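Trainee: Next up is a structure, given as structure tokens.
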Amino acid sequence: DVVHGNTRVVHRADNSPESSTVGTGSGLLSRKKTVTEGGSSSSSKSLTGSVRSSGNGSSFSSSSRSMQFRKLSGCYECHAIVDPSRYTIPRSTICVCSQCGEVFPKMESLEHHQAVRHAVSELGLDDSGRNIVEIIFKSSWLKKDLPIFTVERILKVHNTRRTIQRFEECRDAVKTRATATASRCAADGNELLRFHCTTISCSLGSRNSTALCSAVPGCGVCTVIRHGFQNTKSDGIGDGGVKGGAWTTASSGRAHDCLGADARGRRAMLVCRVIAGKVKRVEEHAPPEEDGLYDSVAGCAGLYSNLEELYVYNPRAILPCFVVIYKTPETLHHF
């Protein structure tokens, strides 16, 4: 014992009971740490193969210093290292594109990918669907005195599930509002096959290309397929109560004329399914409170149909199905 003023300092021996107790506790802690680190070492060894055990615990070899940690995931609390490749993503969260095999984490991302990258596909010459579409396109041209057009290719539009669902919702809405006298609306929403002509300035469908162009502003056909039809007012009907709508025609020749002569080069004719619903004639003067009861407005009657020009109020009621890319004699000299 040593006395410093009023303070006595007692030096205990290392083999004293208290010291042995502390030493035992320290040894237990040390051994627990060794066991824990040893378990971590065995776990890490199964992952990386770069952990070695020593007498006092575990230590990383020099090879572990060159380990690529950017491929692993680590916990900031326990410093555990996990290999993500050993834990696969649940199958329910994986969305694989059936066309190219690209994987997406969400269904919305997959639908956007398919709507842009796999929007169309070309119909071959031996495809029966191509022959049917070409016959419909040629039979409604109604310009027998002029040289026939040249069809470059015919494409099939792959609409997304959401686009088709919105189209069917428009049909259901028309059928719900249909009265007993409007039997056609109650049956199928008064669905018609219509044409819409627009411009094309890209190589859509050429050389097995299925993607829409990314030009800003994009060509007319890619814009329609990507964003749908827009509410526009045309001079074809005039001011007979038409406030707007997406226009379609019963014949391909009339749709070609509606585009105007300013559209140079090739043209794209969209063959569409249209839910016309309850049609208002342009010569009819319905009270303003009844305007909301109509789904579309018909213009003047033509040779091919009494609904030659039809303006649909809801653009979602028009579903593009096929695209006919063609050139006419007045546009052939531009190439």
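Keep in mind that glycine also has a Cβ here, set from the backbone N, Cα and C atoms.
Below are the features I grabbed from TrEMBL:
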type	residues	note
COMPBIAS	19-29	compositional bias 'Low complexity'
COMPBIAS	38-64	compositional bias 'Low complexity'
DOMAIN	95-123	domain 'C2H2-type'
REGION	1-64	region 'Disordered'
Trainee: So how many of the residues in the domain 'C2H2-type' (95-123) end up helix, strand or coil by DSSP?
Mentor: 11 helix, 7 strand, 11 coil
Trainee: Over the domain 'C2H2-type' (95-123), work out the mean pLDDT and round it to an integer.
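Mentor: Mean pLDDT, the domain 'C2H2-type' (95-123): 83.
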